[in-house]
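Below you'll find the structure, written out as structure tokens, and then a few comments.
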Amino acid sequence: MGNEATTSIVWFRKGLRIHDNPALSEALIDAKNFGGGDESKKVLPLFILDPWFCNEKSVGANRMNFLLQSLTNLNENLGSLLSIENVNDANNCLTVVQGKPKDVLPNVIKKFNVSSVYFEKEQVEPFGKQRDEEIIEMCKKLNVDVNTYASHTLYDQEFLLSKASAKGIPPSTMGAFQKVLANVGEPPSPVPEPPKNSLRVIPNAGDALSKEFKYANGIPTLEDLGYKAKSLSFKGGKGGETEGLRRMRGALCRGGDGYKYVQEFDKPQSSPCQLFAKEKGSGKALNPFEMAKKASSSSSPKEESLLWPSTTALSPHLKFGTVSVRQFYFELQDILKNELKGKHTNPPTSLMGQILWREFYYVNACGTPNYDKMVGNRICKQIKWKHDPENLAKWENAQTGFPWIDAAMTQLKEEGWMHHLARHAVACFLTRGDLFISWEEGARVFDRDLVDADWALNNGNWMWLSASSFFYQYFRVYGPHSFAKKYDKEGAYVKHFLPVLKDMPSKYVYEPWTAPLEVQKKAGCIVGVDYPKPMVDHAIASKQCMAWMNEAYAAGKEKKSGGEEKSNKKAKTK
């Protein structure tokens, strides 16, 4: 198109932010340099709502709502970059349309005389990779330049794979992965936020597309997308870059003396039973959380106080890219080096360790074909899981008869979130612990309902927790009625999410079937009538599952390594 071209597209998918967004920054720089001054290109920020995921069967209402909030905030933040000539377009910086990218982009390219497209490249998800390949090929045919950037992770994943000891084969342990990181050095620094007055948009771009595509004149609501009206109850705050950065810096307590939370963060010691709350309650993290809330709430009287579980609850923001993981990494690194001076917990259980685990799963997802499946997945144990739709439905719908498991699954369904140890417990129960149902079935439920559902992390964690990959101590089982007692003896978490058990004495709340009938009547909860009986006898089921796991491991002729044990190892219940 040469010098006749007047528009560049910044195609947002993840990376819903203006900080550390190389696709946006490069598009603005190139647009400014195109002709200089008033002749610079215009830029069209674009988000495409693909019908493939805009439905309740694929994406739960809590996550979709978080996405729509993030798009609204992105539109606002793009408005802060507008040139003076576009000051009246502040409410319409981001054009959102519904349709398949292969249908939308050619239309937009032709309508606005587009010469270049910029976007954050997809490096792991098969659907996204295929989509990008099709779009790149289409752009070539239309003589449109395509510029892609790796900014959803610390490093370009293809670069990391090239540096692995077995070229192209990702490291299978955190120790091996840390050696790779030590050899490659620090990740690239975050890209500076674009300056004010740097964005020249096309006035009323949505109007020109509204005849061909839905929602071009504004960001749709859940109801617009066909979601049924329901109470949304995700407690981790609104979606969007502004809220994400506030939460990140609140957790880090920058500018205060509340670095004890960062210093002592040890994820396995955090409680899976702690609800989102303004008051942190007892525990090591009380002071920094309290200071974070004061710091964040004092910045603006209109801002709501942040609600905290026992962890940071940043995962939804990292999933959607409303917070840059590189920004998080370097701000955390600054505290560790300059404030705590090395006196802190270390990876893999520290706060920095959680960032590295994310990268670990991404590089494995990038280098493993069929990563989301058992068959054809070279790193996954081949196990003859049971096909049991009835038991799967009981697990999914919080009807297992084990209050701790059902409470966690209820939190997932209602809030779209649960603590990582709760995820561990319900995943173990579904797979190798009790029901022996495939991890792929559980991953699909999580992928739909979690606000922070991340393809690389979700599938990697399910392989880990089912002892199909990464972790092989299949005899270590989360007790469905004993594990949570370590964190919540009174059963407050269970009683919150399962109000039918709210009057059950604490000594019976995790095992209500052991309560005498008179106690059940007094509590208003008769097992088998008001609340289901346990769907399995855990002692028997767990032994049977371990026997099946023994058979699967033996059939695969796996070598003993990384924690694998002899087949006569006795089961251990946490």
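Just so you know, glycine gets a Cβ as well, placed from its N, Cα and C.
Automatic prediction, not curation, is the source of TrEMBL annotations.
Copied over from TrEMBL, here are the features:
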type    : residues                  : note
BINDING : 311-315, 354-361, 452-454 : FAD binding site
DOMAIN  : 6-154                     : domain 'Photolyase/cryptochrome alpha/beta'
SITE    : Trp385                    : site 'Electron transfer via tryptophanyl radical'
SITE    : Trp439                    : site 'Electron transfer via tryptophanyl radical'
SITE    : Trp462                    : site 'Electron transfer via tryptophanyl radical'
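Here the features listed in TrEMBL are placed on the structure.
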residue : record                                            : CB count, 10 Å
Thr311  : FAD binding site                                  : 20
Ser315  : FAD binding site                                  : 21
Ile355  : FAD binding site                                  : 22
Trp357  : FAD binding site                                  : 20
Glu359  : FAD binding site                                  : 21
Tyr361  : FAD binding site                                  : 26
Trp385  : site 'Electron transfer via tryptophanyl radical' : 21
Trp439  : site 'Electron transfer via tryptophanyl radical' : 25
Ala453  : FAD binding site                                  : 20
Trp462  : site 'Electron transfer via tryptophanyl radical' : 25
On a C-alpha basis, identify the one among Trp385, Trp439, Trp462 that is nearest to Trp357 (FAD binding site); the candidates are the recorded sites. Trp462
Specify the nearest of the recorded sites Trp385, Trp439, Trp462 to Ala313 (FAD binding site), where nearness means the distance between Cα atoms. Trp462
Looking only at the domain 'Photolyase/cryptochrome alpha/beta' (6-154), how are its residues distributed among DSSP helix, strand and coil? 72 helix, 31 strand, 46 coil
If I take the Cα of Tyr361 (FAD binding site) as reference, which of the recorded sites Trp385, Trp439, Trp462 has the closest Cα? Trp462
Spatially, and counting Cα to Cα, which of the recorded positions is closest to Trp385 (site 'Electron transfer via tryptophanyl radical')? Options: Thr311, Ala453, Trp462. Trp462
Do you see any of the recorded positions Ile355, Trp439, Ala453 whose C-alpha is within 10 Å of Trp462 (site 'Electron transfer via tryptophanyl radical'), and which ones? Trp439
Ala313 (FAD binding site), number of other Cβ atoms within 10 Å: 22
Determine, to the nearest whole angstrom, how far the Cα atom of Ala453 (FAD binding site) is from the Cα atom of Trp439 (site 'Electron transfer via tryptophanyl radical'). 15
Measuring Cα to Cα, how many Å separate Trp439 (site 'Electron transfer via tryptophanyl radical') from Ser315 (FAD binding site)? 21
Tell me whether Thr311 (FAD binding site) sits in a helix, a strand or coil according to DSSP. coil
Could you say whether, by DSSP, Ile355 (FAD binding site) belongs to a helix, a strand or a coil region? helix
